[in-house]
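Participant: The structure under discussion is supplied below as structure tokens; questions concerning it will follow.
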Amino acid sequence: MSQSATRNFCIIAHIDHGKSTLADRLIEMTGTLRHDEMCEQVMDSMELERERGITIKAKAIRLRYLSKDSHEYRLNLIDTPGHVDFSYEVSRTIAACEGAILVIDATQGIQAQTLANVYLAIEYNLEIIPVINKIDLPGADIPRVMGEIKSVLGYDEDAVIQISAKLGLGVPELLEAIVARVPAPKGDGKLPLRALIFDSHYDPYKGVVAYLRVADGNINKGDDLRLMGQGTEFKVLEAGYFAPAQVAALRLDVGDVGYVATGLKSVGECRVGDTVTLQHGGAIQPLIGYHPAKAMVFAGIYPTQTDDYHELREAMEKLSLNDASLSYEPESSPLLGHGFRCGFLGLLHLDIIVERLEREFNLSLVVTSPGVSLTVTRTSGEVLTVVNPNEMPLPHEIASIEEPWVSVVIITPSKYIGTVMDLVRENYGVYKNTEYLGQLAMSELGQRVQLHYDMPLRSILTTFHDQLKSRTQGYASLDYEFVGYRIANLSKIDVLVNDVAVDAFSRIIPPDKAHEIGEALVKKLKEMIPRQLYQVTLQAAIGSKIVARADISAKRKDVIAKCYGGDITRKRKLLDKQKEGKKKMRQIGKVEVPKEAFLSVLKLQ
């Protein structure tokens with residue numbers, strides 16, 4: 001099929017706005033799959049994706065479409081994740097397309113992550129087709145959403161297509177708009193090969209299978225190729241396209257979206273966003289879009305049963321074959337045994353990895369409190385990267401600490417501006433500006449407002465998103481983007497049990513929250529640690545300064561039970577002997593901290 005009859009497009013949307021359902025309708029209405037072959041969320045092949053209703057990895061499928069004027073077109077649809085953690089996956093998918101369908105929920109309107117993805121599409125010069133979905137729902141407010149689209153994105157009513165992806169309403173008109181408005185791929189088949197990798201997965205028989213878009217030249221089975229960013233070389237074992245299963249083809253031409261089987265042993269050798277070219281006589285200039293995805297959130301993962309460490313290690317190795325953005329290295333803790341310090345793109349990424357480890361590999365896990373990567377400069381001038389609180393130098397050895405900051409966009413009804421501003425202020429946010437989303441965007445909750453802040457990444461890591469939803473009754477949405485490192489005033493708080501620090505309870509906090517967090521930690525531990533035969537002292541400390549304390553009183557054995565009446569000095573002697581014994585026990589005794597205590601402390605944010 002000619003290059004002029006090819007259309008490459010993606011679907012971008014906020015999470016749960018109906019992106020995967022629309023992909024299903026496009027597949028069904030173009031006859032790519034028969035009705036009996038269809039299942040809900042065809043593009044979401046991972047069980048976890050279907051269950052949570054989210055897209056985690058980018059997918060691609062080739063559709064054949066016969067337009068109303070009887071011309072046949074090849075439509076390459078690339079599905080993208082909608083969650084902020086996977087924004088890098090969205091960016092490289094967008095780089096592989098000429099057009100984007102922007103899906104907006106008729107009941108919710110424009111959300112923060114919708115805007116982030118739109119700006120990305122504009123940056124890559126994509127033709128955007130705005131679509132209002134879920135028009136069949138009773139809560140649909142089409143005039144309001146249309147007003148938002150016009151005021152925020154600048155599209156007239158005529159350019160917006162109204163659909164119900166669930167019922168298929170308006171989808172035929174959308175297909176016509178795709179062939180009419182999305183430009184054909186440019187590229188030159190005579191130039192040296194350049195193809196952009198937008199995803200990959202590991203196949204036990206074919207090695208790494210790279211999903212790519214051919215920008216110039218073509219790919220044939222048996223070609224010797226090279227990755228321009230990493231320098232990795234491989235031979236094409238198989239090339240083909242997705243329908244949605246892999247279908248082998250003789251070659252991939254300029255503008256095509258398909259796959260190549262590389263025979264490589266790990267997705268780390270075939271990074272997403274890299275440019276593929278020929279080993280001999282290849283291109284000189286790579287395509288845009290490659291920068292390695294960087295882990296932003298770190299947490300320790302340990303098996304509940306220490307015997308399961310080897311199973312956990314094997315599971316981590318298998319998961320990392322398909323997820324180049326997951327980093328891990330072994331670490332050990334006196335309380336939790338052997339485990340791994342892992343790096344993730346964000347909290348959802350962490351959540352998904354833990355759920356996959358537990359579900360697919362049948363492991364029971366303990367996950368430590370998530371933190372960020374800090375840059376610490378010692379007084380000696382040495383610069384350290386600290387991802388584990390226990391790696392933090394002593395306070396007098398630290399010259400400065402830098403932490404990652406993010407630019408945050410919150411969209412909320414104006415009714416909740418005050419509560420949102422209070423929440424952000426409590427979490428060390430710095431206000432930048434406010435924008436109103438158009439005069440027509442009115443409802444009983446007031447006009448919708450876009451608030452811009454800079455915030456430390458650690459502030460939004462734990463319960464910030466839940467608190468935002470709770471304080472705005474679920475109406476607010478959030479998007480954030482890494483903007484760099486800034487000087488931070490942070491300290492490590494330790495928990496001491498009978499003067500011995502327990503490493504698993506250490507965390508890095510702002511000093512002004514030390515008393516509040518310290519009190520909460522020792523109070524929770526006091527509830528969870530069983531009483532011993534001697535007094536147990538729990539302390540929270542920053543360096544040598546104690547900021548909170550609680551005591552667990554000793555169990556007392558009745559040593560004078562057998563003394564009936566008689567001389568009081570005999571009783572005193574027995575009680576003094578008991579007191580001496582307890583003093584000695586406290587010096588040499590080891591308090592067993594149960595894992596339940598650790599888990600309950602973890603839930604304290």
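Numbering starts at 1 and runs along the chain as displayed.
Cβ atoms here come from the backbone N, Cα and C positions, even for glycine.
So Swiss-Prot has the following annotated:
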{"type": "DOMAIN", "residues": "4-186", "note": "domain 'tr-type G'"}
{"type": "BINDING", "residues": "Asp16, His17, Gly18, Lys19, Ser20, Thr21, Asn133, Lys134, Ile135, Asp136", "note": "GTP binding site"}
Participant: Say we define neighbours as other CB atoms within 10 Å of the CB. Which of the binding-site residues Ser20, Asn133 has the fewest?
Facilitator: Ser20
Participant: Could you say whether, by DSSP, Asp16 (GTP binding site) belongs to a helix, a strand or a coil region?
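Facilitator: Where Asp16 (GTP binding site) sits, the three-state DSSP reduction gives coil.
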Participant: Please report the number of other Cβ atoms within 10 Å of the Cβ of Ile135 (GTP binding site).
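Facilitator: Around the Cβ of Ile135 (GTP binding site), 18 other Cβ atoms lie within 10 Å.
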Participant: With every protein chain in view, what's the tally of Cβ atoms within 10 Å of the Cβ of Asp16 (GTP binding site), excluding that atom itself?
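Facilitator: There are 15 of them.
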Participant: On the 0 to 100 pLDDT scale, where does the domain 'tr-type G' (4-186) sit on average?
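Facilitator: Within the domain 'tr-type G' (4-186), the model's average pLDDT equals 80.
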Participant: Would you count the other CB atoms within 10 A of the CB of Gly18 (GTP binding site), including those on all shown protein chains?
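Facilitator: For Gly18 (GTP binding site), the 10 Å Cβ neighbour count is 23.
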Participant: Of all the Cα pairs drawn from Asp16, His17, Gly18, Lys19, Ser20, Thr21, Asn133, Lys134, Ile135, Asp136, the residues the record ties to GTP, which distance is largest, in Å?
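Facilitator: Per the listed residues, the maximum Cα distance equals 17 Å.
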